[in-house]
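Reading through the structure tokens given below for one structure.
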Amino acid sequence: MTDNNMALAQLEPGEEAIIEFSDVNKWYGDFHVLKNINFSIRKGERIVVCGPSGSGKSTMTRCINRLEEHQKGSILVDGIEMNDNLKNIEAIRKDVGMVFQHFNLFPHLTILENLTLAPIWVRKMPKKEAEEMAMHYLERVKIANQAGKYPGQLSGGQQQRVAIARGLCMKPRIMLFDEPTSALDPEMIKEVLDVMVQLADEGMTMVCVTHEMGFAKTVADRVVFMDAGEIVEANTPHEFFENPQHDRTQLFLSQILNH
Amino acid sequence: MAIEFKPSPSLPPPSDSVGPVAWVRANFFSSPLNIALTLFSIYVLYLMIPPVLQWGLLDATWEGSSKAACTAGGACWAFIGAYFEQFMYGLYPETEYWRINLALILLIVLVGMFAIKAVNKLFLSIAIIVVYPIVAFILFSGGMFGLETVETSNWGGLFLTTLLGVVGIVASFPLGVLLALGRRSNMPIVKSVCVVFIETIRAVPLITILFMASVMIPLFLPEGLNFNKLLRVLIGITLFSAAYMAEVIRGGLQAIPKGQYEAADAMGLTYWQSMCLVILPQALKLVIPGIVNTFIGLFKDTTLVYIVGMFDLLGRIQAANHDANWLGTTIEGYAFAGFVYWIICFGMSRYSMAVERKLDTGHKRK
């Protein structure tokens, strides 16, 4: 990483980090999947993480809510260190929403029940209140008329919008997106991206693994490029796309932009 | 200007591909081999059904007080009639049959109340799982509230079969769920205990467990401390069935995609919340056929209690076959036993299919 990019990965003194990776290393068996990740994310910042498959971008994102465990280094989320302390993990997970590539809605529950499950059981919210809030978020993702249906009756794009609404129902401080549009038909990608852009405009802290470079250009505060378990380059979208520093980044961009 | 796209209207399927005639053609006469098989099957049925009807219905004797009354050459159903009460209640005193009947009616009413929307399901479940067994136990064994005491050694017939089956099913199911979760646990001690228990029980025949329960456990217990043989047998059946149940349920747990576990974790649900609210409802629904398989197997395995000196339905029938007045009625006895077991097991199977349909939210294309 060049000095210029190093500065962009770290924060200025006095700035408050909401997520902080310090020397994070992770192995799957012998495979070194994350190598010395040092990265800080400010409150309200929108980060887009891109890179070839197997580069560790999903793994890094999933370390933030400890769906994956790291073996070395430390990850601070909202000032709390992610370690084996189950209470800490559960506390963080309440405040970190996550949207998955394959939606992962609960197929045995209706859309409304999918949304109210966590508020009722984790936030101990009364059922009626939870349902009102769920309907509010369903309206925001323009899908309120489907509240009584089951996930299996909805299209992929609709399911992903429900998944985003489900994440928002916990009123999270951070939203993680793990390739939210990769499993969608081309015609449905836009409806999901529109919801994400709207969310970004409201100042939500977002970490988004995606190959949608248009989304990265319009929404991201910083774009992070990873390869072989390392952060190769992190920069503002303008600098990242117009003036990539690293030859690996240039190759990646030339392959995905000129096909 | 672009050409406007209008989707073509949907047309009905061709008339020769729907309706009963098409169904018969597709299912029975679709190829030369199928035609041959259909004709052969009809011929076999023609050979088998008339003699069975002749024996079982047309030439049967329905009334009489001994085998000697059965002179028509067909089945001697009078035997079943003469022993019917013993087959149903065992040696339970005749004046106390109402207690068993009342308990059965109570159970049917309670379970039937699940269909009524206005009833609180939680209270109803507690009534069935906690209150009902106590009431039923007091009714069956007596000794309280002016009820005459009936020793469990007199319990028998279909009553005992049902009791063993229902208690075995109700007790082994939650135990099986816990064992299945334990076997997939990250905690090494919990995991090893569950693995050892399941593998040990599954490696031993039920007869051995019943013998252990009835003969060996009393040898190991200190003098004076002894508990009822029926209870020991019930525990044996429950543990045996729970081991099988655990493996069936583990199959369901493994079939749930990892994403469901992750989504539940990512929301901040605790382990038990995510299991009870997200994973188990899906996993159990998937393995309903396997669970019912185990239930039906358990219900039929209860006949093995005959070996430790308890007289369930089959035991009572076999004992009655030795009555000097009714020698030579073995076939009728076993036919009756088979019929009763078939009714109950077929009922369980149909019920489980109805439950599966009711719980189906997958909306797959059929």
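Cβ coordinates come from backbone N, Cα and C, glycine included.
Here TrEMBL flags B:158-352 as domain 'ABC transmembrane type-1'.
For B:35-58 (among others), the entry in TrEMBL reads transmembrane segment. Counting same-chain residues at least six beyond the ends of the transmembrane segment (B:35-58), those with a Cβ under 8 angstroms from any Cβ of the stretch are 28-29, 74-75, 335.
TrEMBL lists B:70-92 (among others) with the feature transmembrane segment.
Same-chain residues lying 6 or more positions outside the transmembrane segment (B:98-116) and placing a CB less than 8 Å from one of its CB atoms are 89, 92, 124, 127-128, 132, 135-136, 139-140, 142, 147, 159. The transmembrane segment annotation in TrEMBL covers B:98-116 (among others).
Feature annotation from TrEMBL assigns transmembrane segment to B:123-145 (among others). Same-chain residues lying 6+ beyond the ends of the transmembrane segment (B:123-145) with a Cβ under 8 Å from its Cβ atoms: 96, 99-100, 102-103, 106-107, 110-111, 113-114, 152, 155, 163, 170.
The transmembrane segment annotation in TrEMBL covers B:157-181 (among others).
Per TrEMBL, the feature transmembrane segment maps to B:193-221 (among others).
Here TrEMBL flags B:233-253 (among others) as transmembrane segment.
Outside the transmembrane segment (B:274-296) by six or more residues, the chain places 169, 173, 177, 181, 241, 244-245, 248-249, 251-253, 255-256, 260-261, 263-265, 345, 348-349, 352, 355-356, 359 with a CB less than 8 A from a CB of the stretch. Annotation source TrEMBL lists transmembrane segment at B:274-296 (among others).
Per TrEMBL, the feature transmembrane segment maps to B:331-349 (among others).
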Six or more residues beyond either end and a Cβ under 8 Å away: which residues meet both conditions relative to the transmembrane segment (B:193-221)? 179, 182-183, 185, 229, 232-233, 235-237, 239-240, 242-244, 246-247, 301, 304-305, 307-309
Under 8 Å Cβ-Cβ from the transmembrane segment (B:233-253), and at least six residues away from its ends along the same chain, one finds 164, 167-169, 171-173, 175-177, 179-181, 183-184, 194, 197-198, 201-202, 206, 209-210, 212-214, 279, 282-287, 290-291, 293-294, 297-298, 301-302, 305, 308, 310
How about long-range neighbours of the transmembrane segment (B:157-181): same chain, 6 or more residues beyond its ends, C-beta under 8 Å? 86-90, 92, 100, 129, 140, 194, 197-198, 233-234, 237-250, 253, 275, 280, 284, 291, 295, 298-299, 302-303, 305, 310-314, 316, 340
